[in-house]
Structure formats: C-alpha cells, structure tokens
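All remarks here apply to the structure that follows.
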Amino acid sequence: MFKLNLKIALRNLWKNKGFSLINIGGLAIGLASCMILLLYIAYEWSYDKQYTNADKTYVVYQNAPANGKIFSWAWTPNIMANEIAVKIPGVKYASHASYTSSKLISVGNNKISSRLNFADPNFIKIFDYKFIKGNPDQVLKDVNTIILTKSLSEKLFGNEDPINKTIKLENQEVLKVEAVIEDVPVNSSITFECLAPWSLFIKREPWAREPNWGNNMCLTVVQLKDNKFLAEANADMKGIYKRNQQGNTAEALLFPLTKWHLYDDFQNGKSVGGKIEQLKIFLLLAFCILLIACVNFMNLSTARSERRSKEVGIRKAIGSSRKSLIGQFLLESVFITLISTIIAFILVEVSLPYFNNLLNIGLQIDYKSISFWGTLLMLMIFTGFMAGSYPALYLSSFEPIKVLKGLKIKSDASVSIRKVLVVVQFVFAACLIVCTSVIYQQLRYVKNKPIGYNKSNLVQIAVQGKMGNNSKLDLLKTQMINSGAVTGVTFFSKDITESGNNTTDVHWQGKPAGESILFNNRGIGSDFIKTIGTELVAGRELSTITKKDSNSIMLNEAAVKMMNLKNPIGAKIGYWGVEKTNIGVVKDFVVESAYQKVAPMIFYPSYMDDVQVIIARLNPNQNISSSLETIDNLVRQIEPDYPVNRKFVDEAFEGKFQNEKLLGTLSNWFGGFAIFISCLGLLGLALFMAEQRKKEISIRKVLGASTANILTLLNKDFIKLVAIANVIAFPLAYIIINRWLSAFEYRISISALPFIIAISLSVLIAILTVSIQSVKVAKANPVDALKYE
Amino acid sequence: MIELKNIEKYYATKGVKHYVLRHVSTSIKQGEFVSIMGPSGAGKSTLLNILGMLEEPTYGSYEFMGEDVTTLNERKRIELYRNHIGFVFQAYHLIDEMTVYENIEAPLLYKKIGGSERKSRIADLLDRFNIVAKKDLFPNQLSGGQQQLVGIARALAAQPSIILADEPTGNLQSAQAEEIMNLFQKLNKEEGITIIQVTHSEKNAQYGNRILHIADGVIKEDLVV
Ligand SMILES: Nc1ncnc2c1ncn2[C@@H]1O[C@H](COP(=O)(O)OP(=O)(O)O)[C@@H](O)[C@H]1O
Ligand SMILES: [Mg+2]
C-alpha cells in the first residue's frame, strides 16, 4: 500500500502542478527561513560553550556604584586573580588576561597585523584550546614566547613547522613560538590569533606590574572545582575590593562564562538579559514562519478536499480503515515536506553566503553534526505532521456513503477553518510589518539624532609603532595640513566611537561624601573642537603646543551638570590626586551608546604619550580618494612597518547600531518571506475559490455583471479576512514593539504610521494576489463554463 | 448467510424523522442471486448499503455469517467486510489516480495479501475480463462498460463470498449490460458467489433466482424466479 500511495502522491503532485508548486514552494521557503534562523540561533547559543569545563567557568564582573547607578563590567584589577586563587573557596584556577588588541607581528618581511592577547599559564587550563604542536604544560611561562593559532602560523610560516622559530612583536620583542593551537572558535567571547605570556605584558607596560586595586585593567576568569561552591565563592567575592582597598565601593561577582555573550546587559548589578532577547524574537520568528508555511499547506489541502472526497469514499468502500487513510494523507504531507526540505537545503546553501556577509558572521551547515541532522529530522516530522494532521483528519472523516451517493459534503466547517487559517497567517504578516517599520523608524531616529559632533568626512588613523612619539605626531600633523588633504588634525586617547577609559578618582568642592561618580577621561590634542566639529560652550580650549595647560582640564556639559558647578570656568577639580583647573566646557557628544544620555567626561591635554588615534577632517574641496592616498602615504613615511589602519568615523559609528540593524534586516527579510508565503496561500485559495465559483460567475456575467463587478465580488471576502487579521494584529504588535522600545533611553513614540503601512500593505498584497488569479476567471467567456455543466 | 430482522432506517432532517426503511426482515442464503426492485427513492440503495455495512440501521438486527454486525467494533467490521464483501457501483467509482491494475490491486493491499499471490490473482482477473491490454490505462481512458468490468474485477479480487451491486448496468448500453449480467450469472452458478443487485430492469432481474420488491421502505413482494 505504501508504494502505491507514494505513487498516487506523486501523480497528484504532477497532475496539480500549480498547487504543488505553491505548496512545495511555500513550505520550502518556510523551511529555509526557519533553518537559517535556527542556524543563527544555534551559532549565538553555542557561544563560549566549546570548552570542556565551560559550565564551571566564570568571568569576574565588578559592580561599581556611580552616578546613582550601578555599572557592571568585566574589567578587574591585575591582582584580582591571585587573590581569588588564594582566598576564595572552591576555586580550581584563576587567571587574568588582557583584552585582545591588534599588534604587528612579523617574520622577516612578512608583516601582519594580528590580534594578540596576553595571559598567564592558568588561562589555557581554563580554556582547553586544542594544541596541534607544543606542550600545554610548558607554555606562557617564559617571557619572550608566543602561541600562534593555526591560521596565523600558516600566514607567517606557510607550511613550515614554526616551533622554536622566532617572530617579532611590534618590531621590538623577539618571541619564540612555543605552540600552535587550532583557531579559536569564531563564536567565542575571547578571541585572538596569538597568545603571549602575561609577563611579557608587564615587561611592555611597566605600570601594570604594581598591584593596584583601584585600576581595573584586565579580565579575570575563574574555574571552580565544582558548581556547588558557587554560592559560597560569590558571597566571598562580593567584598573583595573593600577588603583590599579602603573606600573602594566596588563589588565583584562571578558571572557564568556561558552566559557572558547572551546575558551581558546588567541593571543594578544583575544580569537582566541582553542578546538573548533578540534570539528569543528570532526563535519566535522561525517558528511563526514555519507555522505560516504549514498553515498554507493545510489550507490548500482542505481546499482540494472535495476533489479527493470521492477517493476517500471508494477507499473506504473497498476496505480501507480510517487509520490507513490518515496514514496515507500524512505520508503525502511528509513526502511533500521531504521534497520541500531538499529544495530548502538548496535555498539555504545558496543564500548563506549572502546572510553571512550581511550579518558579518560565519554560519554554515555542519553536515557532520548529529544534532544538525537530528534537528532537521525533528523539523521535518514536525512540519509534515503539523501540515498534514488537519487535512488527514478532515479528509479521512468523510463518510463513504455520503460521498458515493453523490451528496455534497457539508463544507461549512472546512471553509470557516480555512478562513481562520488565512486570518492567522495575516495576523503574523501584519504584526511583522508593524514591528519592522517601528524598528526602522527607531533606527533612523537614533541615527539622525545629532551626536554632538560632525562625523561625516572625518577619518581616524590608529597610532602604531614609531608614530607614537611626540615629534613624529607633530610632524605628521603639519605634513597632513600642508598637503591640503585635510583641514584639521587632532589627537585622541581613545577611538572616538568606542567606550572605555573612565575613572571615579575625581573630586570637587561640594561632592557628596562617600559617593562614587564615574567620569570618562580622554586625552586630547590641539584643535580638537574645530577638527571634530563640536562646540565649546564656555571658556577656552586646551592647547598642547606648550605645557602651560598641563594643569588644566575641560569638562563636558554632562560633567558640569553632574558636579553641579555654578561657575565651571576656573573650578578646581581633583583629578588622579592632582588639583586641576577647568578652563572650558565642551558640548556633549556621543562616544558610547547612541541610545543613552551622554555620560560626564573630563578632557586632559595629551602630550602625545597616550594618543591612540589621529583624527583628521578631510578637505571638502579635494577629491576624497586622492586625499586618503596622500594621508596614507604620509603615515607610511613615518611608520613604514605597519599597514595603515585608517577608518571613516561615520562608518565606525554605524557599528553602534549593529544589533538593531541585524534585527531590522532579519525581521525585514524573514517578515518578507512570511508575507510572501501567506500570499502563496492566498493565491492557492483564490485559485480554488474562483474555480469553484466559475459557474456562478458565468451566470452573473450572462446577467450583465462587468469584470470589475466580478472582481469586487471575489475580492470582498478576502479583504474582509485581511482586515480582521489586522485588527487582531494591531494590539499584539503594539505590545511587542512597545516592550522592545522600552529598552532605549532615546526612543520614538509609536505613531499610527506603521499600522497604516501594515493594513494598506497587507490589503494591497491580498488584492493583488487574488486579482491576478480572478481576472482570468472574470474575463473568461461565460459560455465556456456553462456549456460543460 | 444474511439475516435481517426488523431493520429500520430514518434520516433526521431538522428534527423530522424521515423513514427510508421500515420493518425490513428477510434472510438470504449462500449462493442466492437476488434482485432488489422498486421505484426511485424506495430505499433500495439504503438497504444494499446496510447489507454492505457502509451504513448502519437505526433499529433492528443484522447477522452476517452468524455474526451480529450492529454490535461489532469497527476493526472487526472492516475485517469481516474486507474478507467477504465486494461492492459494484452504478457510477463505477474507480479511483481516478490509479491505473486499472492498481485499482484491482488496492483491496488486496488493504487485505495484506502477499506480492506473488496478488500478481497472480490480478493477472487472472485481467485475463478473464479481457482487459490485459488496458491494465496501465487510467479510468478516464476507458469506456463505461470497460470501467464497470474493472469495477467488478476489483470487487472479485478479494475473493468475496458476496457481491453487492447497486444498479451496475444503469449507465451502460444494453449490449454491455447483457455482458455484465451474464458474468454475474456465471459467477453465481460456477463459483457459488452470492449476488445481490439493485436493478430497474425486469430483464436483468430475470438473471437471478429471487426478486425483492420494495416500495416506501417496505418489502412488498418476495418472488422466486
Ligand atoms: N444521507 C441521507 N440523508 C438524508 N436523506 C437520505 C440520505 N440518503 C438517502 N436519503 C433519502 O432516502 C431515500 C431513499 O434513498 P435510496 O435508498 O437511495 O433510494 P433508491 O436507491 O431506492 O432510489 C431518498 O428519499 C433519499 O433522498
Ligand atoms: Mg438508488
């Protein structure tokens, strides 16, 4: 029977090519969308879980109360790890590492800017990287050594064995290669291309040698012997700052490594979510799209039920039980699911590179993974049964005798269920349209919100190697301005689009006692205000030409407000133990999140010792590409050993919207697919309805109805359904999107526009879909239909 | 073989009982060839369907080969049905998506008959009805008479002990009808298959050996031919 039923299923597919195409196409697109989303979710979900003892590994967070809030981050003092290893119960390993940064690594003339991290030997006990060459017990001990990842080793040494060969770091230290490890998985929070000993870090940065509980400068990771020690350890961690440094108000906590990536949003010292929220949305989206595709299938199958009722009747009359009929219809739907899955595979493989490019990640199907095939099988069975169950139950329930007697099957129930299904589909579709529009509105709003400086035509060049020297920087500045390529050049102690570098070591008259307030601190060069295009609200600008401002600072507006200074100019501010004078107030500008209020900032004159970037404003009267070439050449003349690391500030600034852009893009694409699949379903239904009403339409035409009349008639029902769907969708969408928006300090208020877009778009799409099909019927010669009755 | 006692059947439409069969009692023995006659709407088909277990009577008892059909559960009833009853319809009711061969094969598959046995039985039937050349055609490629032959072949495939035929020749020309009737007679005489047919034609009724006349759901006459 199985073979015969399969044959029949194939014949049915072939005979009704239109239906089959819609069915399989819809299901394939649905499955493909679902697969891509699930791949993405799995990718994000598996972050940091690759290590053997990942579940026992914790990242040390500090909760620092400041400005009436609690700031939480995974930056800790250099001696935290030792203290933990000795004093905290249940700890197996404690290790500290720097955060990864780009450094120049060279072998002979082969110079590569690589991502380097520094760590102590415990680091590779906590994270069991796969060693290809070298002894894990011996590495990270001697100062002048380094571990390379496989791909960096290949870039530097080709196929040669790198062990015991040497590389040069930043053209300064000569390091011996001790080991080669597999590349760090891309979905890790801690990534690097090479790993060097902590002792080397100290050698390069002597200030980092002194134990200092007040300077949070590295990452501390801890592995517990067993998770049962967690509560005890955490209780002990809490007071670790206070115990070691008087007056330190920070508290430490152990945060699970496996949650680091997805739950990194802290409020009041507790994780309240993070990227996980987005993943949940995507999971819901994946499920809904699949559901919509299944609904399509159900719709079309039941719509065709009248045609199949005869078969059901006969089968029952020649001895089929209901069970075997249900089996037959389920077989058909599983079979169609199988075909769709194969097509979905092709779609996924074809579109993955595109999505990877779009999302800037490396998703791929792991054909060797059991869990992949397991999930796929589950997905197929779920889809097959989900899509096939209702048609199977419905069709198999026909009483043979009624069918064979030629009585009309009462199709009221099935019609209304079909209507419900169409409504369900369009509720999803309308919800998605509303949400996507709001996401875009919000994104546009924050993007267009003034950020306090003019980020267009502004380039930023990283200071590397020999450039980081007072006279060289001055020379570069002069040369750049003289070349005419730029109209202004200044220096900054941090990438202007990045957060970081802050201190609570700021004191002023009237500061509430015992309160800790966090200030961003940045060193600036001369011409800062003019170059970045911000404004000086009061006072004058810091100059670094001479040392006369070495005891002066500037504040931003937020800092003035925070300090509650009546006369900010001339105010005495204690900063890192030295009394400074404020000489200017700078307008607030965004360096951190564009969604949040600008935090207080202190500017100090940087005498080039801690300059990280050169910021230059391009000359608007020059051709941009030739200006850039000029700049690159000048930089290369001063530091020929490094590739020029230059970027546009506005492009870098875009990085702040990465998450929202991702959400917007994905919901746009997959929302589009959901709508498309719904339309396929509608098309199928219209196809069927128009055929069923052929005779009625013909009679109406004979009676004098115009094509337009007929179209209105056919469209009316569908429009009603779509309208109902919108009415249901609106409050739903409002709740969802309102929740999403509430996470932003700066947000748009929800307007009527997204809802208007949703209803007009969905109605328009519905009319188009239905009309494409019904125009044919409406225009057909009525005699043709009536003749054959 | 068949024992009907006081069978009643009504359809309730909007709460009004509409009787189709009243107090029908009769018995049919193995090997009989019975023709049911009567005006349109008399309840002939309903009676045949009840005999064929496609419908349940509202009241009354129905014994088929010693088993009380009305109290059997569905699984047992289908079992009984698969093994003993072959149906032939006025409108042939072949499955459009199946070839001639597959149509005849279908009941054997439901009966879970083995592959080789199936093949030989179907080959036998195709041969006997002279439709070997048509075995790969679909029903819509056949004439009405040919379709009905396939219908009968399908009914016979499961080697039933009784064939129920509802106006099997109703849609056929007289020459084809005669062929079918001869076939029924032969099956009845040579293989001892019990046949119950509904017919409007006196001539067709003459092929059998008993005629039940029904009017308004009541058996009016029970004649031996
Ligand atoms: N499923 C049904 N629901 C309601 N009435 C029915 C049904 N089946 C048959 N009838 C009615 O029962 C009566 C007998 O039908 P039937 O047995 O087919 O008559 P015959 O075959 O003698 O022409 C007819 O009036 C018919 O309308
Ligand atoms: Mg009848």
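Any Cβ shown, glycine's included, is placed from N, Cα and C.
Copied over from TrEMBL, here are the features:
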DOMAIN    A:20-238  domain 'MacB-like periplasmic core'
DOMAIN    A:284-399  domain 'ABC3 transporter permease C-terminal'
DOMAIN    A:670-782  domain 'ABC3 transporter permease C-terminal'
TRANSMEM  A:21-43  transmembrane segment
TRANSMEM  A:281-300  transmembrane segment
TRANSMEM  A:329-350  transmembrane segment
TRANSMEM  A:370-395  transmembrane segment
TRANSMEM  A:416-440  transmembrane segment
TRANSMEM  A:669-690  transmembrane segment
TRANSMEM  A:718-737  transmembrane segment
TRANSMEM  A:749-770  transmembrane segment
Near the transmembrane segment (A:21-43), which residues from the same chain, at least 6 beyond its ends, have a CB less than 8 A from one of its CBs? 13, 187, 279, 282-283, 285-287, 289-290, 292-294, 296-297, 300-301, 336-337, 339-341, 343-345, 347-348, 351-352, 355, 359, 361, 363-365, 375-376, 379, 383, 387, 666, 670, 673-674, 676-677, 680-681, 683-684, 687
Kindly say whether the transmembrane segment (A:718-737) and the transmembrane segment (A:416-440) touch, using the definition of 3 or more Cβ pairs under 8 Å where each pair is 6 or more positions apart. yes
Do any residues, 6 or more residues outside the transmembrane segment (A:370-395), come within under 8 Å Cβ-to-Cβ of it, and if so which ones? 27, 30-31, 34-35, 38, 290-291, 293-294, 297-298, 301-302, 305, 308-309, 312, 325-326, 328-330, 332-334, 336-338, 340-341, 414, 417
Please count the residues of the domain 'ABC3 transporter permease C-terminal' (A:670-782) that DSSP assigns to helix (H, G, I), strand (E, B) and coil. 95 helix, 0 strand, 18 coil
What average pLDDT is reported by the model for the domain 'ABC3 transporter permease C-terminal' (A:284-399)? 86
